[in-house]
Amino acid sequence: MSREMGELTQTRLQKIWIPHSSSSSVLQRRRGSSIPQFTNSPTMVIMVGLPARGKTYISTKLTRYLNWIGTPTKVFNLGQYRREAVSYRNYEFFRPDNTEAQLIRKQCALAALKDVHKYLSREEGHVAVFDATNTTRERRSLILQFAKEHGYKVFFIESICNDPEIIAENIKQVKLGSPDYIDCDQEKVLEDFLKRIECYEINYQPLDEELDSHLSYIKIFDVGTRYMVNRVQDHVQSRTAYYLMNIHVTPRSIYLCRHGESELNLRGRIGGDSGLSARGKQYAYALANFIRSQGISSLKVWTSHMKRTIQTAEALGVPYEQWKALNEIDAGVCEEMTYEEIQEHYPEEFALRDQDKYRYRYPKGESYEDLVQRLEPVIMELERQENVLVICHQAVMRCLLAYFLDKSSDELPYLKCPLHTVLKLTPVAYGCRVESIYLNVEAVNTHRDKPENVDITREAEEALDTVPAHY
């Protein structure tokens, strides 16, 4: 091991929020997470609202976001517990005078709360999202007592919607495909579901400004036309409220792509700030033709501050916005090196990165974990926008894609984002539809899979086994 490399391995760029013990391994010190622990005690997020008000949509999106920023979160959907306990027949199961069904529903709630306790207290979960109607003060009191007994914080999210068109669209988009209505006539489904809503309306008790003034909550009116926020008490609740005030349900598409092939891509060198190759310039014009063919209304174009994304955007002939946050991951001392050179000069660092690619931070550079934090403002703004084309870089595109597709931190660094390919993301009910469009301009392959042997003592041949070909 060279003296230079030894110094790099032992002298870390410190960005550590949580101190590690002095006996930590080299890998622990290299990981050096920059992610703060957002929770000092677990949080229960409690959904409130009548059926067809978007509670599951909100639960799913919020869970995806919190997991993406590094806060372990899980949804507990009471409807799933109910379906496991009893087969659904019709709306009469939800009648307030159906005492037998009321007992079953309460037992399902208690079973779900038991699983919440297991997740938050034994499985190192930080946030549990309790996705149910919770429309009565009695049910909410039961949950509050449960949270108090176990030392959990509670944050309520109430979705209120009185617009018949929005409610009808939600029923059409989601409920017609519900497991409760498999192989049922659509008109009968609509009739039954509207009667189900009427059953809940009888005893619905919204969160009250005076009676519930001591509680932490956000009320969302008509899918975001107005908000009411009360007693936000910590970081998780603050981020949750801010996130919910930025999302919308307007139909749109997000186009993600990398810059055209660069001169450094051709030579197998990572990072740097080189311009486009001849094929990269050809791709830029192909991208312009593709975007024009889509006939996208009010399209916004975003790039990083790096030459290769700007040159790609210039061919579009439209205004574009530059984001420094979209710059490629900083490879530190390894900038503009080939993988072969990194293995030759810093073999231990190369192995450490393969062992935990998400948390590994390049000496004097960044990790994917750092990059996710850098990109959070981009995600917030993407959620606020309608149609956007983001021209970015491989690591950046992986992070953005992981958010929209709900990929784990283990999967994120290995998502395939090839050059000269556009990914069209269209948000749907509880996820995102992805279309991959290759624009028929050849480019080098820059994707490197995780090698089988990640041990520090491995041979160079094993370390370089998955390195793609380059000039």
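Cβ coordinates come from backbone N, Cα and C, glycine included.
When Swiss-Prot records N265, G271, R308, Y339, R353, K357, Y368, Q394, R398 as binding beta-D-fructose 2,6-bisphosphate, the matching candidate from R258, R279 it lists for that site is R258.
For the beta-D-fructose 6-phosphate site that Swiss-Prot gives as R82, T133, R139, K175, R196, Y200, the extra residue drawn from R64, R89, R105, R122 is R105.
All protein chains considered, the CB of Q173 (ATP binding site) has 15 other CB atoms within 10 Å. Of all Cβ atoms in the shown protein chains, 18 besides its own fall within 10 Å of the Cβ of K357 (beta-D-fructose 2,6-bisphosphate binding site). DSSP assigns R258 (beta-D-fructose 2,6-bisphosphate binding site) to a strand segment in the three-state reduction. Among the binding-site residues K175, Y200, R258, G271, the residue whose Cα lies closest in space to that of Y430 (ATP binding site) is K175. Comparing the Cα of T133 (beta-D-fructose 6-phosphate binding site) with the Cα of every entry in G49, Q173, G271, H393, these being the recorded positions, the smallest distance points to G49. Note on proximity: of the binding-site residues R53, R82, Y200, A351, the one nearest R258 (beta-D-fructose 2,6-bisphosphate binding site) is A351, by Cα distance.
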